[in-house]
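K.L.:
Here it is, the structure in full.
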Amino acid sequence: MEAVSCHRHGSVLASMTVKTHRFNPFGKISSLRIPARLGPNQHHQRCCRTPVMIRCQSDFQVRVADSTYRRELIAAIDVVERACELCLSVQVQMKEEGSGFSSGGGFEKKDATPVTVADFGVQALVSLELSSLFPFIPLVGEEDTGKLRKDWEQRKAATTDSETSASPALIELVTHEVAKVASEQIKNLTVEKVMDAIDRGCENLEEASRQRNLSYWVLDPIDGTRGFLRREDAVYVVGLALVVEGKLVLGVMGGPNVSYTINDGAVPWETPRLQMATNGNNDATVQTGLLMAACAGCGCWVKPLQARRGEPDRDPASEVLLEGMIESKVDECMTLREAKFCISDHEVWSSHPLAGALASRAAALEDRVTADEADILPLCCGSLCKYFAVALGGASLFVLHLQEGQYVKVWDHAAGVICVTEAGGQVTNVMGKPVQEMIRDGQATFRPEGGGIVVANGRLGEKVTRYMSAVRDMIYVSDNDNCWN
């Protein structure tokens, strides 16, 4: 690689360019490029050191060849691909009147968060597929079938031999969607089997986890369900991770509607370059759907999601699933003045506690950022999409803003933590303790100390925790509506 230059022209897709003049003896070369994005809270942008990864496409297969968890990784990639296909299928039907999916076919849970046919379907699918391959590895999932079973029983009680319900029960919709994308090894699906599969994710692992010899999957069926229900451009993510003996060993995240473009190489031996794009872009070259996978000691990798409709069913253990992966790295920003900050799209940067810290004397001059200088990447509800952006190099950092003593749910973080870490980043609480050490206890929730979680590239994490600790009183809030997620 002879030269790397970075230009911003005010275009959404302005990005890094790579000039390659030497012949590459290892075959085709790949690079991952992240675009500039003009945030709504800024007046100008700087040239952040966004990484360009040059790797042979077969590197991922070589890197994980000797991994103890190669088989589990392949299965996780397969089932997340299938789960993303299920999500897209439900979204298509949400647009059709009379389909039973007009509101996602769901309801609000006790914590006022929505749950849909897609949430239930993904948890059932993942549970069924993984239990068939790894029957002794339990699952920690977000959903349970309390309301599904109640709805099902009411429908059966109200339907006589001569009557049929005007619309299918919610669990029937879920079962139908699972059957459409399940592998051939999942046979004879019934609503009872699907409900049992969903409830498999509600197992109590606390006692067993204390023995530190337990492996278990952690699943967030859809992180960002509110964004999923918007049916527009809001990003949502399917997240799956595996914990073994108290350590995160792999994570897979699928973004069914993450937009990207592929730019063909300028010279014959270059492979097409994948570049993240802004959702809602109507350019004909923009495609959607990205999958990210990380395995302990093997790095973090990304590829376009596979479109499998109309194709013969693929073996969930197929090596094909490892093909076409491009290594992903966090960005290389060294100062907070040049960093891109990821926040929730309903929030304003000036209200963020980090904004106050960076505008104060606590920050070094090179890190001091005023509200109108901040380079902002706003993303929808949910934490995993923000982990995705940091691991991809599309954002330098984000801070999950919490009340002191507040608990967070393990499935909202597990897959993201290992992806960011393997991409070269850091995930800690505000006091600098690795979140990995909090997840390992096998419980559904954990409590970060200090009032927040810092997700950042390897150069900025320590700075952020230091500045926020200096003004820590600023991160205490009075109600949950101010939480950053």
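From the backbone N, Cα and C atoms, a Cβ is placed for every residue, glycine too.
Unlike curated records, TrEMBL annotations are generated automatically.
Taken from TrEMBL, the feature Mg(2+) 1 binding site covers Glu142, Ile222, Asp223, Asp412. Taken from TrEMBL, the feature Mg(2+) 2 binding site applies to Asp220.
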K.L.:
In whole Å, how far does the CA atom of Asp220 (Mg(2+) 2 binding site) lie from that of Glu142 (Mg(2+) 1 binding site)?
P.N.:
6
K.L.:
Starting from the Mg(2+) 1 site formed by Glu142, Ile222, Asp223, Asp412, give every other residue of that chain whose CB sits within 8 Å of the mean position of their CB atoms, in sequence order.
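P.N.:
In sequence order, the nearby non-listed residues are Asp119, Asp220, Pro221, Gly224, Thr225, Val237, Gly239, Gly382, Leu384, Lys409, Trp411.
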K.L.:
Give the residue from the binding-site residues Glu142, Asp220 that has the most other Cβ atoms within 10 Å of its Cβ, counting over every protein chain displayed.
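P.N.:
The residue with the most neighbouring Cβ atoms within 10 Å is Asp220.
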K.L.:
Specify the count of other C-beta atoms within 10 Å of the C-beta of Ile222 (Mg(2+) 1 binding site).
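P.N.:
Taking all protein chains shown, Ile222 (Mg(2+) 1 binding site) has 33 Cβ neighbours within 10 Å.
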K.L.:
Per 10 Å Cβ neighbour count, which of the binding-site residues Asp223, Asp412 ranks highest?
P.N.:
Asp223
